[in-house]
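Working notes, beginning with the structure itself.
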Amino acid sequence: MAGAGERKGKKDDNGIGTAIDFVLSNARLVLGVGGAAMLGIATLAVKRMYDRAISAPTSPTRLSHSGKRSWEEPNWMGSPRLLNRDMKTGLSRSLQTLPTDSSAFDTDTFCPPRPKPLARRGQVDLKKSRLRMSLQEKLLSYYRNRAAIPAGEQARAKQAAVDICAELRSFLRAKLPDMPLRDMYLSGSLYDDLQVVTADHIQLIVPLVLEQNLWSCIPGEDTIMNIPGFFLVRRENPEYFPRGSSYWDRCVVGGYLSPKTVADTFEKVVAGSINWPAIGSLLDYVIRPAPPPEALTLEVQYERDKHLVIDFLPSVTLGDTVLVARPHRLAQYDNLWRLSLRPAETARLRALDQADSGCRSLCLKILKAICKSTPALGHLTASQLTNVILHLSQEEADWSPDMLADRFLQALRGLISYLEAGVLPSALNPKVNLFAELTPHEIDELGYTLYCSLSEPEVLLQT
């Protein structure tokens, strides 16, 4: 850091570099090793922010030698977006609120402090306990007042989804009796009691019946596209079973079952063939298909001020592989089926909590509510947050309710580490990178927002 200050001083010595070098050189005596390290990181960030704000960026964005992003040294060089007032305020607040006692920092992150007298150590432990309990109380209050959905609201939303599912099932059996489908079923966070803030979304899984000898699935990593977590569904044995042998041959594009064509087939049924106003009047709901591009979505008003979105999700099962017609973010991969991991992730999370009466699901709900209420964190999905909790469960055994605050902070730090690397491996299938569909700009924004909240995590609960 001193070297960085010297190089900058040669270019534009305005006195700030000298002051910062003096502060850093004496910080260790006042704050200890841990405090000096954190103060150094934050001070360097402010100094570089100031330097870059007064000189237009000219060089391309740089990564660290390890190839990882770092929000201790923000990745703004070459960005077309100039530093705004919110960024400066965020970094200034982080610097001002840093603890002045090195014992407040994680001793696993920095060099261990010198041994302290027992009385002093007891006071520090008591202080840390009070701080932890304060955050614990705020997390529980946030969950009760902001994240938790009243049981009555959940029940009414589920009942509306069940009623509509029954009507759609009856219609398909009557109008399209030759369409090979298994029974439709409801899925999603509302069904699994993991939805937060409002009961406003649920999925209706529509399983297709495929002949096992006519279809096979090819992992995305084995194709020229090299995309783990996605599959091609290939039509097999056309020489023995010509086109038309399977009902779903009509949805084959280039020798592969196209999820987009399957979705278009259901769109004609959902949006074009069913008289939803009449069904809505019968059920005392207001039902209408969502406008494009959300073609396979129904918008339901089941009470005066309560709305529910129902997504129709075609699904195929080949052997042990379950795929859903949820498209890749990039249109060029619209012929790929997505591997369905959410049911297994949810089942593992629930099993872990049931085994030790843990707080994993509670921690997940709080994180989901924060992301849902914070626009800057809107790109984080429930699956990504679930996998952060599952990875943390492999590292930490104690998930008792009184450890909620500690585990919450660890989850934030872990999430920042995954964003720095640009990789979040699936806990169930490590080949799958759950950040693969995020752009570098989105990853930087998420990492910056979370990093600025580390020194004052309560800010996340005020959104």
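Cβ atoms here come from the backbone N, Cα and C positions, even for glycine.
Annotated features in Swiss-Prot:
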type	residues	note
TOPO_DOM	1-23	topological domain 'Mitochondrial intermembrane'
TRANSMEM	24-46	transmembrane segment
TOPO_DOM	47-463	topological domain 'Cytoplasmic'
REGION	49-195	region 'Dimerization'
MOD_RES	Ser55	phosphoserine
REGION	57-77	region 'Disordered'
MOD_RES	Ser59	phosphoserine
MOD_RES	Ser79	phosphoserine
MOD_RES	Ser94	phosphoserine
REGION	160-169	region 'Important for interaction with DNM1L'
BINDING	Ser187, Ser189, His201, Ser340, Arg342, Lys368	ADP binding site
REGION	234-243	region 'Important for interaction with DNM1L'
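Overall, the recorded ADP-binding residues Ser187, Ser189, His201, Ser340, Arg342, Lys368 cover a maximum inter-Cα distance of 20 Å. Residue counts of the region 'Important for interaction with DNM1L' (234-243) by helix, strand and coil are 0 helix, 2 strand, 8 coil (DSSP-based).
Per DSSP, the region 'Important for interaction with DNM1L' (160-169) is made up of 10 helix, 0 strand, 0 coil. Remark: Ser340 (ADP binding site) has Ser315, Val322, Leu323, Val324 as non-local neighbours, by Cβ distance under 8 Å and separation of at least 6 in sequence.
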